[in-house]
Amino acid sequence: MAAMASFGALALLLLSGLSCCSEACLEPQITPSYYTTSDAVISTETVFIVEISLTCKNRVQNMALYADVSGKQFPVTRGQDVGRYQVSWSLEHKSAHAGTYEVRFFDEESYSLLRKAQRNNEDVSIIPPLFTVSVDHRGTWNGPWVSTEVLAAVIGIVIYYLAFSAKSHIQA
């Protein structure tokens, strides 16, 4: 019985040591890149993709990250390469205004504080992100004012009218 109790205490100690808390990233250095949809003619939504390369001073790797964009949270996926992460989201073209979108990145600890503040209707702006990436979206192009089909039809009608009137003058 004593062996079972000591085994249980040892297991509890190991589990608490493993799940205590992941090491925080100190002085993160990022190299961001991003893509946004620019053509609204061939897509139904505007897509935003942010890729980052992250290195920490204390060499923390493969940490879980979360992104916050205008009050909406998204999970950040890890790339195959160490230190590569990506987050993406989409908005309807009407909602995706041209301008700068601030993408705030959080580690697990600060993300849990953010979610707790949201649940309690507290001010979330006081929770500092691990880092922030600014995404410049120039807006989407909705195509020409006049579609090519309409333009071709109008040109065809004008040519038909000119040919018909020329034929009438020749026969008269």
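Cβ atoms here come from the backbone N, Cα and C positions, even for glycine.
As recorded in Swiss-Prot, the features of this protein are as follows:
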DISULFID  Cys25-Cys56  disulfide bond
SIGNAL    1-23  signal peptide
TOPO_DOM  24-143  topological domain 'Lumenal'
TOPO_DOM  165-172  topological domain 'Cytoplasmic'
TRANSMEM  144-164  transmembrane segment
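Listed by sequence, the residues of this chain that lie at least six past the ends of the topological domain 'Cytoplasmic' (165-172) yet keep a Cβ under 8 A from its Cβ atoms amount to none. Sequence-distant contacts of the transmembrane segment (144-164) (same chain, at least 6 residues past either end, Cβ-Cβ under 8 Å): none. Confidence for the topological domain 'Lumenal' (24-143), expressed as mean pLDDT, is 92. DSSP gives Cys25 (disulfide bond) a coil state; it is part of no helix or strand. Residues of the topological domain 'Cytoplasmic' (165-172) grouped by DSSP class, helix first, strand second and coil last, total 7 helix, 0 strand, 1 coil.
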